[in-house]
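Student: Following this message is one structure expressed as structure tokens.
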Amino acid sequence: MLQDSWIRPYMRKYRGLFIGVVAIGTLTFLLSGALMYVSGYLITKSATQPESILMVYVPTVAVRAFGIGRSVSRYLERLTSHNLILKILAEMRSRLYRVLEPQALFIRKRFKTGDMLGALSNDIEHLQDYYLKTFFPAVVSLIMYAIIILLIGAWSVPFALLLGCVLALLMFVGPLISLLYVGAKNEQLKAGRGQLYTTFADAILGMGDWLFSGQSQRFITQYEGSEQALLVIENKKNRFIAYRDFCSQLILAVGVVLIIWWSNAQVGAGVFSPTLVAAFALALLSLGEVFLPVAGAVSEKATYVESLKRLHQLEDNQLPSWEEEGVAVEQNLTLPREATLVVENVNFTYPNSTEQIIADLNLSFGPGTKTAIIGRSGTGKSTLLQLLQGALEPTSGLVSYGDTAVSQWGVNIAEVMGVLNQKAYLFDTTLANNLRMGNQQATDAELTAVVQQVGLTSLVERLPAGFKTQMREAGERFSGGERQRIALARILLQKTPVVVLDEPTVGLDPITEQQLLATMFETLQDKTVIWVTHHLIGVEQMDKVLFLEKGKVEMSGTHVELLASNVRYQRLYQLDRPQIASS
């Protein structure tokens with residue numbers, strides 16, 4: 001596990017801090033043992049009623065010094081360990097984001113929502129626990145184990161070996177048994193919780209359907225049953241842990257009894273003073289906190305392994321994207337402002353699938369042209385958009401802009417193409433910050449101008465803080481139409497020559513839809529527009545209409561041409577807009 005790519009690089013990078021944390025942790029327990037050792041001596045010595053207080057003056061001062069030193073050392077150990085872990089977690093989260101970010105356009109198809117929640121909320125946190133609750137305690141306990149055996153061995157090697165065998169039950173045997181049993185239970189709990197994440201996320205996304213179908217109680221019953229099954233497993237695990245901890249306490253008690261017996265024998269032999277019997281016993285008893293947590297720490301290994309496995313799956317099972325090996329990405333690519341977007345003999349099939357999503361497709365989107373792409377769900381519209389954006393690489397054929405394959409755009413995509421999808425995400429920050437997602441250098445005057453273009457001037461004037469008004473989560477302060485207009489303004493600030501509209505009016509009422517379409521067509525007059533839509537409202541303003549079916553273009557032409565000559569298009573238009581078609 002220490003060789004894992006999510007563990008080893010950080011240990012190598014911060015090895016100085018790791019050594020410091022282990023050293024301070026060891027010092028803390030040494031001071032704790034010294035405190036109890038001197039305390040035992042002081043209590044026993046005081047019980048003999050020494051002739052002068054000066055006889056116990058030095059032990060009294062030592063108790064105070066060791067007590068203060070232990071507290072300070074403990075504080076420094078916590079401070080340095082958490083500082084180290086927070087540094088590592090920050091880098092891990094950035095690394096996880098870099099893994100997910102290139103896959104953003106197709107991440108929902110690749111991963112279950114529950115798995116994503118598990119990776120983002122649990123897995124990184126589990127790796128934090130690996131350092132704090134497993135690695136550091138295990139290393140410190142090994143060091144303290146060696147120190148105790150060496151110190152006792154200075155008086156008696158045979159007894160040091162005997163005590164070493166007893167403590168080995170706490171250090172090695174107990175943790176091994178705990179790892180086998182608790183590890184198995186943790187694997188069951190991890191799998192169960194992962195399934196609960198998926199089920200819960202699925203239920204939240206489909207909450208309305210559960211309610212309106214009248215089946216919500218059935219879901220609650222099933223979910224509670226799954227939770228109850230996990231509770232049974234957790235109870236078994238906790239029961240074992242209680243027995244394990246009790247046995248560990250008994251073993252420690254045996255060790256204390258043995259050291260009392262041995263030290264008493266040493267007193268009888270005149271090796272050292274009777275005042276040291278309690279000192280040895282209390283010192284060993286105080287060091288129980290070093291060894292007792294080891295079994296619990298080691299038994300969580302299965303949890304960490306599962307978390308690492310999921311993180312590796314996110315890294316290893318990626319579809320080809322801009323950052324993947326074999327896709328040459330030019331970071332400083334300069335793309336023309338006016339060029340033709342060409343789809344040439346393109347075929348596409350997803351990995352591990354035989355179904356051809358796009359078949360021998362040839363398209364051309366000239367500068368300033370407006371093209372509508374219609375078709376039923378599952379006909380390849382979304383896949384085509386991802387191919388146009390360079391998010392997917394064609395199985396064969398070429399998608400190019402000017403003389404450049406779109407797969408080479410990489411981070412330069414923002415210079416060429418803006419995308420307005422069904423639910424453009426608005427962040428929980430100010431309106432100005434959301435608009436500047438399209439152009440970080442946009443001035444206040446440019447914000448005002450673009451808001452006027454999309455017809456939101458009066459709305460901004462009514463806001464309590466104008467452009468500095470907080471949008472709330474997902475922009476919930478605004479209506480669906482207003483959110484899409486804000487997203488459109490963001491695209492206008494981006495100033496890209498090509499704009500993709502991926503069914504941006506889905507979920508809007510007819511009046512709002514028509515108003516938004518009118519605004520989009522007016523503000524995007526000088527741009528190349530590729531509009532994917534599920535129905536025909538607004539297609540009259542398109543230069544070309546393409547009907548996609550099974551990855552191929554079944555109909556192509558202007559709205560007027562198709563309406564005059566294509567019977568199928570006439571029927572579709574009649575179904576979609578019966579009043580206009582009949583007139």
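Glycine is treated like the rest: Cβ placed from N, Cα and C.
Per TrEMBL, the feature transmembrane segment maps to 16-40, 52-69, 135-155, 161-183, 246-264, 276-298. What TrEMBL records for 19-303 is domain 'ABC transmembrane type-1'. Per TrEMBL, the feature domain 'ABC transporter' maps to 341-575.
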Student: Are there residues at least 6 beyond the ends of the transmembrane segment (276-298) whose Cβ is under 8 Å from a Cβ of it, and what are they?
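Tutor: Sequence-distant neighbours of the transmembrane segment (276-298): 29, 32-41, 43-44, 133-134, 137-138, 140-141, 144-145, 148, 167, 170-171, 174-179, 241, 244-245, 248-249, 252, 255-256, 259-260, 262-264, 267.
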Student: Residues sitting near the transmembrane segment (52-69): Cβ under 8 Å, six or more positions beyond its termini, same chain?
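Tutor: Result: 31, 34-35, 38-39, 41-42, 45-46.
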Student: Using Cβ atoms and a strict cutoff of less than 8 Å, what residues sit near the transmembrane segment (135-155) while being 6 or more residues removed from its termini?
Tutor: 21-22, 25-26, 29-30, 81, 161, 163-164, 167, 171, 259, 266, 271-272, 284, 287, 290-291, 293-294, 297-298
Student: Mean pLDDT across the domain 'ABC transporter' (341-575), rounded to an integer, is what?
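Tutor: Residues in the domain 'ABC transporter' (341-575) carry a mean pLDDT of 86 in this prediction.
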